[in-house]
Amino acid sequence: FPDLEISSDLNSDDFEYEDEAKLVIFPDHYEISLPNIEELPALVTIACDALLSAKSPYRKQEPDSWEEELQASKHAKTLVQLDNGVRIPPSGWKCSKCDLRENLWLNLTDGSVLCGKWFFDGSGGNGHAMEHYKETGYPLAVKLGTITPDGADVYSFDEEEPVLDPHIAKHLAHFGIDMLQMHVTENGLRDNDIKPRVSEWEVIQEAGVKLKPMYGPGYTGMKNLGNSCYLNAVMQAIFSIPEFQRAYVGNLPRIFDYSPLDPTQDFNTQMAKLGHGLLSGQYSKPPMKSELIEQVMKEEHKPQHNGISPRMFKAFISKGHPEFSSNRQQDAQEFFLHLINLVERNPVGSENPSDVFRFLVEERTQCCQSRKVRYTERVDYIMQLPVAMEAATNKDELIAYELKRREAEAARRPLPELVRAKIPFSACLQAFSEPSNVEDFWSSALQAKSAGVKTSRFASFPEYLVVQIKKFTFGLDWIPKKLDVSIDMPDFLDISHLRARGLQPGEEELPDIAPPIVIPDDPKALDIDDSSVMQLAEMGFPLEACRKAVYYTGNLGAEVAFNWIIAHMEEPDFAEPLVIPAFGEVASSGAGALGAVGLDNQPPEEMVAIIISMGFQRNLAIQALKATNNNLERALEWIFSHPDPEEESDPALDTMDMENNANANILAETRSEGPRIKDGPGRYELFGFISHMGTSTMSGHYVCHLRKEGRWVIYNDLRVCASERPPKDLGYIYFYHRIPS
């Protein structure tokens, strides 16, 4: 088919254009003008009409992208700048009204440095920049940290949108800022704060080293669609795994043959299409010798049109998700789990490729007072490894650097050369294996709250082990922070000693008694457990979603709240702020109100809602909870063992929907067989890692390194090159493959 896209330039009033579409039949290149009802079969005519009327993802995303729509500010030409002697240093900035050091904006009229509040780039702050505009009327501000020789991010408070400032160089020079001296890394990613020699931006992207481009199958780049590098990095790693290659690219003809009428809304079709683009080699071809000679002769470099643009894939996979559907930067770990969730829900054959990541975790919880224990198992896909900062091997250097940094900030001098904490991997693995305190532990042996500790072990080892370094945490102001550390990740990893052992001789199990559910008369009186919120947020979930999860599960702990998140994460208002209903009202978004147990002994509405969200009917959920004294875990066990409901005198429970029976039978079968796992030895070899550059998940850039054909390769969006210095110590997510025994 011909290219039916119309460039944005042709949409302006300066041009007149006509659409012309033709159906081309290969290999003879026979052209048929459309429409042509007389010569074409009805099905072909219908297909052509659908193709011509379909909305392209390229156009769908244009309204959401501000990058192509920026207009020159009406204030730029006539902007008045005060001659107040203000000079802005190259680093060490801080909001003049609070202590924030991120998301800072320089007012171009008086040189004030103030924090923003959720501007177009997704960063947060206290809104002092906007308050300053309301007080003074000074309209333009530039975001510090975005200034490069090519421009900067400018916002107009008066026009209420990002704008262009054609005179930005002159306006910045007024405050002593020379744009030509501001550092910029490749792909337009900036880092002005630290010297290039140690900057993670430079080290991770291997800047300053001449890298050899790679071409052919498996060496295809992906275009950055605007903060979509997290998606690019994850998908490059995913399609380097043979099981995913076979499932989608190997089954491509069958997937395409059985795709629905609208393949743009079919997950397997989009995965197969993307996998074929990455692995076929059709979009990764070296330049012809004649092109290279022409470039040398003309002393110019023409960009190669290699790589794929995953717009349709991103449009589908992020549809309805409040974060991934935006143009903001996201957490690669959160997207990986989102992708696995979609793979699980869209089976492509008898074996699901996501099985290679799945493993069972045995959690041993012990009451410190009674010494009794409880063993539980859960499914997981990622090993989250804590950063053992206290084990840094260069503590003296870190202390000296911190003193110099504070002195430089106080004197408004350039910051000293960065000193990065060096953490032994063995210390992080030790921290993972050590017991952790259980917040608000309720001991069934004591029938009261007590001190409790929990230890996690592997009940099975996956075929592919994904290790996340927990670099992201939260400051006291709830702003996400990143630990800039170097960890000596091993090429070969043996975690056999972390194999679960189950109940040991001499151990006594905690009684299987559920804690009492205490519901306040007024739901607004329920405090939200910040520690549980923090645990969930560190997993990468939106902060407001974590608060809602803890609230709607009655502060029963992070584990119960995590189950709520899994059940509700596809809802459109998943990440919207928590709105606590007034007494007697019902909560929105299907979450269910925190209903008290009434005189008719009805189970708590939230527990009913959780079971309903798993695919069961309301009457079965109520019946199961009544039969188990409102114990959620036991209620699920009851459903698994009672696929056919018992007769009750309640007329509302006399009938059962066929869908309910199907769900119960399927889950009962899954329960009897257990989750599909590929257990084996716990010895692994590193074959890939994803690195993050930046200070938080809300900003920065992702790059992927993969080991292919005996050497490391760097995937930096469209650029695919042989890696010379793979920064294995600065990764965020690591991919290990099991070593056959």
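Glycine is no exception: its Cβ is also placed from the backbone N, Cα and C atoms.
Annotated features, as they stand in TrEMBL:
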type     : residues                     : note
ACT_SITE : Cys229                       : active site, nucleophile
ACT_SITE : His701                       : active site, proton acceptor
BINDING  : Cys95, Cys98, Cys115, His128 : Zn(2+) binding site
DOMAIN   : 71-179                       : domain 'UBP-type'
DOMAIN   : 220-739                      : domain 'USP'
DOMAIN   : 527-568                      : domain 'UBA'
DOMAIN   : 602-642                      : domain 'UBA'
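Ranking the recorded positions Cys98, Cys115, His128, His701 by the distance of their Cα atoms from the Cα of Cys229 (active site, nucleophile) places His701 first. Cα of Cys95 (Zn(2+) binding site) to Cα of His701 (active site, proton acceptor): a distance of 25 Å. The recorded positions listed here are His128, His701; among them, His701 has the most other Cβ atoms within 10 Å of its own Cβ.
Within the same chain, residues at least 6 positions away in sequence whose Cβ sits under 8 Å from that of Cys98 (Zn(2+) binding site) are Cys115, Asn126, His128. Other than the site residues Cys95, Cys98, Cys115, His128, same-chain residues with C-beta atoms no more than 8 angstroms from the centre of those residues' C-beta atoms, the Zn(2+) site, are Ser96, Lys97, Asp99, Leu100, Leu104, Leu114, Gly125, Asn126, Gly127, Ala129. Of the listed recorded positions, namely Cys95, Cys115, Cys229, the sparsest Cβ surroundings within 10 Å are found at Cys95. Counting residues per DSSP class in helix, strand and coil order gives 30 helix, 0 strand, 12 coil for the domain 'UBA' (527-568).
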